[in-house]
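Features reported for this protein in TrEMBL:
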| type | residues | note |
| --- | --- | --- |
| DOMAIN | 30-419 | domain 'Glutamine amidotransferase type-2' |
| ACT_SITE | Cys30 | active site, for GATase activity |
| REGION | 911-935 | region 'Disordered' |
| COMPBIAS | 920-935 | compositional bias 'Basic and acidic residues' |
| BINDING | Cys1132, Cys1138, Cys1143 | [3Fe-4S] cluster binding site |
Amino acid sequence: MDSPSNGYGWAGALPAKQGLYDPTNERDACGVGFIINIKGQVSHKILRDSENLLCNMSHRGATGADSRDGDGAGVMLSMPHRLLSREFLALGCTLPPPGQYSTGNIFTDPNNSECMAHFDAIAEQLGLRVVAWRRVPVNSEILGPTSRSREPAIMQPLVVGDWWEERRFQRQLFVLKKRARHEIGGWFYVCSLDTRIIVYKGQLTPEQVPEYYADLRDAHCETHFALVHSRFSTNTFPSWERAQPFGWCAHNGEINTLRGNKNWMRAREGLLHSKAFSDGDLEKTFPIIDELGSDSAALDSVLELLVVSGVMTMPEAVMVMVPEAWQNNPTMPSAKRAFYEWASCVMEPWDGPALLTFSDGRYCGASLDRNGLRPCRYYITSDDRMICASEVGTVDIDPAMVVEKGRLMPGRMLLVDTREGVVVDDEKLKLQHAQRYPFQQWLDTHQIKISHLAVKDAATVDDQIPVSQDRRMRAFGYSAEFLNLILGPMVQYGKEPLGSMGNDTVLACMDPAPRLPYEYFRELFAQVTNPPIDPIREKIVMSLACHVGPEGNLLEISDCQAHRLSLDSPLLTKPELAAIRGMSARYPEWVSHTIDITFAAADGVDGYRRALDRVCEEAQVAIDRGAKILILSDTMVGAERVALSALLAAGAVHHHLVATKLRAKVALLVETGEAREVHHFCVLIGYGVDAICPYMVYETIAKLHRENVLPDKPVAQLIGQFRSAVDDGFRKVMSKMGISTLQSYKGAQIFEALGVASDVIDKCFVGTASRVQGTTLEGFAADALTRHDNAYGLPGAIATIGDEGEYNWRKVGSKHINTPGAISSLQDAVRTKNKASWLKYTEASQQSIQDCTLRGLLEIHADESQAIPVEEVEPWTNIVKRFCTGAMSYGSISKEAHTALAVAMNRLGGKSNSGEGGEDPERSIPRANGDSERSAIKQVASGRFGVTSNYLADADELQIKMAQGAKAGEGGELLGTKVSSEIAKTRHTTPGVTLVSPPPHHDIYSIEDLKQLIFDLKSANHRARISVKLVSEVGIGVVASGVVKALADHILVAGHDGGTGAARWTGIKYAGLPWELGLAETHQTLVLNDLRGRVVLQTDGQLKTARDVAIAAMLGAEEFGFATTPLITLGCVYLRRCHQNNCAVGVATQDPVLRAKFRGQPEHVINFFYYLAEDLREIMASLGIRSINELVGRTEFLRTTPGYHFDKGGLDLGLLLKPAHEMRPGVATYSVIKQDHQIESRLDSRLLPELLESLRTGRPAEVATEICNTDRAVGAILSYHLSVAHGLEGLPQGTVRLHLRGSAGQSLGAFLAPGIAIDLEGDANDYVGKGLSGGQIVVYPPRASTFDSHVNVIVGNVCLFGATSGEAFIGGIAAERFAVRNSGALAVVEGVGDHGCEYMTGGRVVVLGNVGRNFAAGMSGGLAYVLAEGFEDMCNKESVDLETVHGDEALWLKQTIQRHADLTGSKHARRVVDRFSGLLPKFVKVFPRDYKRVLAQESANINVPVEPQLPKPVVSEVVDIEDALVDESLLSDRVQNLDKLRGFAKYRRRGDKYRSAKKRTTDWDEISTRQTKSQLQVQAARCIDCGVPFCQSDVDGCPIGNVIPKWNELVYKNQWRDAFDRLMATNNFPEFTGRVCPAPCEGACVAGISELPVAIKSIEAAIIDHAWDMGWMRPVPPVRRSGWRVAVVGSGPAGLSAADQLNSAGYLVTVYEREDRIGGLLTYGIPNMKLDKRLVERRVDKMAKEGVEFVTGAHIGVTHSAADLLSSFDAVLLATGATWPRDLSIEGRQLEGVHFAMDFLTDSTKSLLSKRGGILAAGKRVVVIGGGDTGNDCIGTSVRQGAASVTNFELLPQPPRERAADNPWPQYPRVYRIDYGHEEVISRWGKDPRIYSISAKRFLGNSRGHLCGIETVRVQWTREAGRWSMEEVEGSKEVVEADLVFLAMGFLGPENKVIEELGVRQGPRSNVETGEGSYRTSVEKVFAAGDCRRGQSLVVWGINEGRMAASEMDTWLRNKQMACDQSRLIN
Ligand code: SF4
Ligand code: SF4
């Protein structure tokens, strides 16, 4: 046997931390119970009965690979004095009387007796004596190999004292036990050591417990109670000590707040003192909680401390540690409330699902958590026994002896006092304790409430600085996106806004840009082993209140413990904080101390660490000096002072104070400008902060209000809305982890850090998992300094705070996985099977994966010598069978998209997933062409939409959704706008009503409940694979192990970034982790447990390319899921508007109008998977891998990309890459065997031979049989066979009848199909009628029973969950959560527990007795009729009305109750029928308001003949507001109510209007007129604000990356100034681009896919024109000049924009222009009617005033020496443009009248500006050769000059009127359009000037050498193999008369005088050569930008080039010589 080595678990049996496996994550769940003689009479029979109790719950536990290896089981009993007397006598010892000695079982090293000697010695030091050691006889033969490998020697010490005083003896035993644990450790574990009880346990199966321990079989072993426990562990490792019961209790549940409880207990140790303990003894028991022990063990330790110290009785201690939900319960007696409130001052609740059974020998009891998340049922018999357990039916009891059947209710306690011989009533018991002291008086006297303090109305904002100028906002990292997307909605609606499509943004730890520390933290969430709770419907159990400030001594009960400051919420206003800061004025001892958490900027990075140390030190000193309140404040931030992150500072202080045991002495508050989002606040509280005052948010709200950005309401009200949104956010985040109270959440550290280095963790976040290392303290410091520099380092006016692109993609901003380039290339690739586009897609995707994800840092490392031919790799048709599409429900996406996915996957042999929304059965009928629309995977989520027996029977895979990537820990959410009548029908709900799915806790509380659901589903369809969907988070490996042990066939590990569903942004962004971590951890842990071979592992989450798939396989997956990418192939463009029902491409909408726009085809999906599989084969071939199975888990093919480096701290993926097959060699590493579900042994299977024929043919049949609690899901297998044969309709009711007697196991009648009827005489456990699908269930008490049915519990929790139809008659009370999410069943029951009819959407429920709290919460359909006392108080009336019953309904009700009485024999029901008319007024009808509305609508329509039609379109027909309203004042009124959601489809596009062609050709004024502001608001409302705004993509959209959606939003909101700021941030010259840009942005606009694009250019022009009009465009010279000089050669767009940028950065800029005016192309290349030259002059003037020097007539290289320039400037920029025109060298070219177009345009403008002549078109026949803008400008200019005719030759054919196939969106559309010049010619001469496909052969001249005509020929274009070729059309020659020809055929390159003189290298096309992505030329100091570098292009490209070049020059100059303090980035 190995010796203990690693300290983990019993005898080091748990494997040490390795790879991503961490033994501290181990989890378990259990079955518990006890049997007791109430009068305390001992007997051996009790022990015998307890065996049944234990063994009949064995299905709740689990076994390892060998069925003899149990997970752990045990029993606690009263000290068996008779047995022990005999046994110790045999050892020569006579026992003292019972109670005066102690013994217990101790696990010890069989080969080492020294431990016992050590134990003896400690005992002696404590005044105790170990008189003897008894070896406990055991039967080791029965153990499995695993448990045997660590089997201990089990010894019993006989401990006595030489004195006798019971309490002291107990305390010394406690100290002995603790010291032995601390001092001996290793193989030494004390199961119990007490005077009255003893625990026998081990790593055993329940059946093995009595077999293993001979004592338990010995008839001398007598006890008055036996408390049992069977464990379900998530691992397969030997773990003797984790078996339960512990010394005092047994626990079925999970303490979610364990980390916090441990930390707080540790902190409290500093305050613990007790006179009861001898000197120093108490301290020797520290730490009270064993760091490596389980949550249950920790709870047991604290419980023991409280009881042993004598301060509390056991029931009291349980009340303090696991209190009931007292805060929101007005019906609770005030004394009890006061007790709980006092208790909350003493200790935070140990929160989480918990059924706690406990005993100290006298009392034996059970207590249930506040949510009632564990089942607990009991019987009391006439012979004074109580049997209490997780299930009924575990012990055989004669029904006639049962006098009471009950269940433990949420928060309640069940207690037997064996000394008194009574069952103590919960109410009485608690009241008795509550009245022990005057708790209320203590609270009144000592508790301080915020209302007691002088909270003044302080001004919220003290300065006049506008938001856009507030430098602090930049210093704290605020973004415009936060203000608009997050803060605005929170303030306006009091709710955090929703988002959708997951989180595809770069991980904070991989972002080179500064990120806040909060963004590294991921919220953990409950999955499988513990349930999340429902923060909406079950808000009543939640509380944000908590007490702060010094705690008292836990080991006493006193009034001063109430002396704490009580807060209702942890978010403080500024006045509240001020009041707390000054509270010592009223409470002198409450001294506050504010610690400045800023440091001097000059101290740099080192200053950060020093400041953190200083803050911790100051905190400690302040406490030593008596401070009771510490306030960490960053208000001193400013130009000279940088703020520490409030999170790092608070975390460091909290942990420093925990370690020094000072934390419990002080309140820790934070006053910060940094924290602003819900997540930020949660992280602060999670790391121990008591309260937060986010002053900067409040000031921002006040400023935004002052600037009229927020609604006109009092600021206090707006702040109130914000706080309310944050409070909801707290609840949501807490609930995800199943935590109910903020007090428990505080300091619980429910986070994983992603990418934080251990130096930071160890200092600030001790105990937090951070598995890939990452950003160091220096990294965080550097980020803080960068942010500070951005705010205070800029010399001039500060820029607008940025739009960081954190939520939506932005060209300049955070990286995202989904980019416009990748999306458009993918769509093109799959639509046209274009391999080139596919390659572009993979290239773009791989780049973004590399930028954003962990796998991006990995490289596939192929050894060339191992490569094999690709033909040897399995075919793509095999590979695609491992692919499936994600669970996107019908409802969230359209029917068209949903069915396209299904058809595609069915054709491929892969699988599509129904999602949780159900599926129309029609889709199972194959289409005429053989296609199937059926989803092979049917998902079952806690919403249970449309889950019927038929639905389940029709699946190949049934997937249980435990969590989803997009919002782990939350339920689904479908807004009412998407619940069309079709969707409502499929989901069995009410149209138009928002559906919020409950989180998965209503029927899955723990691993054992999941096991049950797997059992149920396997029964409902034994053919189907059962899958469990999990989401990546730390600990998923052990959870997955438990899931495999629960017999799942398949596990999906989803990543945090995928998913389409709607959720609050906090959930989307901060819950869950990358799948890489989750998958690798799962694979490693399963291999380590030898469980991997039993399950198929799948992953999903933004899988994009074959490389992703290969990496997923290498990390352990053998199947792969894809959600967003297939959706993109079908047309999704990542609008992120899925939840709003306005998807412009018909993918994620139910709106018929938008659905009609869907263009996706199954072929597109198929093409995607084909390409993907083929690429994967290539990768596999390169690795020498032939099949996917060979690739699974082969991390040796992966390595971190060589040379990768992050400045902030490297990520270490070593744990991820640890090969699992090395962790446990020789075991399976992929699925090799199937799970054994033992279908054949189920009761249904045994009945099947008798019933199968009837199920198939419909011939009636009946069977009768006994049933017991191990017979589970009875009826489900029968239902499967019936559904397969008869579909949804089933058979006539009662065709097959089962008559059962006994106690039914869980899930009786689950998914019972129509035609099957079950009647049960007896009782049943949980889940009766789960998913009832048309069958009938009748349950009634045994006929022999004597109790009253309506006061006794007969069925368990969660009955009728998700029932869709059928009937249930329950002759007794149902426990908690009855008929939750019932959507169609009829049920009659005689009483229900809490949360009855919650989320119900249909059906009818009759309750003939009392109900628990929260009845009807979230009920939106169906009806309930309740006859209960005090019902109003119990009903949650948020969504229902309470009415009386009358008329036909009353008759129906009476008949239904009569039926119930007949079927169940209920006397109570019969009495109700007999007295019906008298009782009728007492019946309350619960009528959901939504349902009422629908019924009213239906009845209003009943007499109106209605044409069958599609649901009314939500989007109305296109309305042009302006057409209807010409009056601007009216229009501006109307625009207040613009619909921006659907504006793109609702309002007509309107671009700038041109003046009439006739009129405008008579002058040279600009052709276009601006729209009014209101008109432009309408246009801006057409902008969808896309998640991926293609308009600003540099691939196809705006080259300059204008943040178009942002200014659209601002214009829409009439915020023109902000829009102007936003526009100027990216574009220096919008007045130019707004006029002359061909607007590729509009070509790429998403609205243009199905409608006309947004009029972006018009809005742009209007914003800047308005700014000039308003005087906002004023010269702003730079504040500081660097003294450095830069020359710019050329003054076109590139030259001017570079000059503007460089000048504003402080350089001295001189611009040289060879012409007589500045502007280049802008002045002379573009005619005045397109761009008025006054605008250019105005701009140039402004720049000159700002300090730019302009030199005209300076032709560098000709009039000025380039060399001189080089020597007199520090840098030179060439921006000379591409001015070398393409010529047409044909005969006659030399003739007079043949000109280059640019010469003509230049002359024309010169003549206009200077009245100087030149080329004139007046009276001439003009031919323009060449199109484009220049050609068109020549046409317009010729018309104005008075040409006699104008003709335009185009060599190319006429473009199509719509996009051609090779010109897909979002490319610039090459379509036929009429430009202004064409229109003018048409207006003048009646025909379009353009002649297409014409070629000029020669120019013809007259005798004067002047042009007179052109000989032309027509050409024909053909395309072959993708290439166009041209040939002349024979006989088509003709002559076109002409006097003037303008050659407008583009430009060949730059004019090269200056280039040659400088010797700058040129490229093959004569452009200036620079490095890729660079603007530096081959000559030092010389840069180039614009057309001279990139060739002829658009003005906007020129501007972009100038900006980029300026940025590079700035960096170059700074790097070269500038001092750091002058540095600035310009962009
Ligand atoms: S500069 Fe051109 S592409 Fe960019 S937003 Fe303006 S019009 Fe569109
Ligand atoms: S302008 Fe077009 S592409 Fe850009 S955000 Fe608006 S709708 Fe989307």
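Glycine too: its Cβ is placed from the backbone N, Cα and C atoms.
What you see is a predicted model, and the numbers here were worked out from it, not measured in a lab.
Non-local neighbours of the region 'Disordered' (911-935) in the same chain are 883-892, 898-899, 901-905, 941, 943, 945-947, 950-951, 954-957, 959, 961, 972, 974, 983, 986-988, 997, 1121, 1162, 1287-1288; each lies 6+ residues outside the stretch with a CB under 8 Å from one of its CB atoms. Across the structure, Cys1138 ([3Fe-4S] cluster binding site) and Cys30 (active site, for GATase activity) place their CA atoms 41 angstrom apart. Here Cys1143 ([3Fe-4S] cluster binding site) comes close to Ser894, Cys1132, Leu1135, Arg1137, Thr1149, Leu1154: these same-chain residues lie at least six apart in sequence, with C-beta atoms under 8 angstroms from its C-beta. Taken through DSSP, the compositional bias 'Basic and acidic residues' (920-935) splits into 4 helix, 0 strand, 12 coil. Mean pLDDT for the domain 'Glutamine amidotransferase type-2' (30-419) in this predicted model: 90.
The number of other Cβ atoms within 10 Å of the Cβ belonging to Cys30 (active site, for GATase activity), over all protein chains shown, comes to 29. Under the DSSP three-state reduction, Cys1143 ([3Fe-4S] cluster binding site) is assigned to coil, being neither helix nor strand.
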